[in-house]
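Structure, as structure tokens:
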Amino acid sequence: MVHLSWLLTQMEAQSSSGLVLSRKRRRESSTRDSEEGERLGKYPKCTVGLKNPAPFADELLPVDPKAYERVSMEEAKRGTRANRPVRVYADGIFDVFHSGHARALMQAKRLFPNTHLIVGVCSDDLTHKYKGFTVMNEDERYDAIRHCRYVDEVVRNAPWTLSPEFLIKHRIDFVAHDDIPYSSAGSDDVYKHIKDAGMFAPTQRTEGISTSDIITRIVRDYDVYVRRNLQRGYTAKELNVSFINEKKYHLQERVDKVKRKVRDVEEKSKEFVQKVEEKSIDLIQKWEEKSREFIGNFLQMFGPEGALKHMLKEGKGRMLQAISPRQSPNSSPTREERSPSPTFRLPFFTKTSPPPSPRPHHSGARGYLISEDDEDEDVDEDEDEEN
């Protein structure tokens, strides 16, 4: 009984933690996935996973079967005592363990507030007999289930059809599986007697993912995966590939490498051409703008009405004005109107010298006695002659 108390305490701890987490998920999750319940919300950073894998059922201490007393569906939904979790059983092959398996076990774990999930995994012999060859052997499948976070206990070499003795031995309250009839071993539905007994708890399948789908993908792309593994160092013998196929795969890989290089060069060349086109367009636009500005400036300077023409006109006018003689005024004062100007003698004549004899008029020379009035008359005569 001491060992039983310890086992129940461990179950209680695991179930209570699962209960708290489940309730928290229900509070904080959204309602986007109606088939599988509410999705998980965001949580503060904390460690919610278990540290140890789930134990095997045959490694646990035996429990007195007389203590087994089933729980009804109403009691299970209402919630049981902490030391009496609802024991839910889910079985399967679980080959190539994937998210569809994990979701099914999650649904089974969340069926009731206080759930102890037992998962049965069928052996290789039984599976090969009733379903077919598996990718993973039984030990690998056992170990994969043990490390699923929703599993509390694993039953190795589980039976294909559940008997009353098996249910009593493992003190199972409910069996979880999808509601689709599972025909096998000469029966239309191997869970029919479980459903009739009111011990069946349905779950939902995850569409788009299954072991058969994964195997189909591998078979469909067989050559791709063979070449992949050859690149990773597997030998042709390990892959069961003939010598000729091995050389063919290596040749295909080389051809693909060349194609990838050519594709990369094409992409880079396209990018380069695109960049050159963009730059050339920018240069053309800038050149057009600059050319318009240059032409406008040229026309402003050298055009018909440009600044150069005006400058030449002004320069020509100034040159003509500079080289043309001054015109005398139309009404110049007469000799009588002019103020008399004082006479002066040349410095080489003195008062004692005799008056000079008159000399003939040559080239405008009037005599040694020169006055300012005479000079003005000579200037006026010269201007009149030039006009």
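Glycine residues also receive a Cβ, built from the backbone N, Cα and C atoms like all the rest.
Residues or ranges marked as coiled coil by TrEMBL: 248-275. Sequence-remote contacts of a segment are chain residues at least 6 beyond its ends whose Cβ falls under 8 Å from one of its Cβ atoms, and for the coiled coil (248-275) they are 223, 226-227, 230-231, 241.
According to TrEMBL, the feature compositional bias 'Basic and acidic residues' maps to 28-41.
Sequence annotations record features per position, and here TrEMBL assigns compositional bias 'Acidic residues' to 371-387.
In terms of DSSP helix, strand and coil, the domain 'Cytidyltransferase-like' (89-217) has 45 helix, 26 strand, 58 coil. According to TrEMBL, the feature domain 'Cytidyltransferase-like' maps to 89-217.
What TrEMBL lists as region 'Disordered' is 18-41 (among others).
Marked as region 'Disordered' by TrEMBL: 323-387 (among others).
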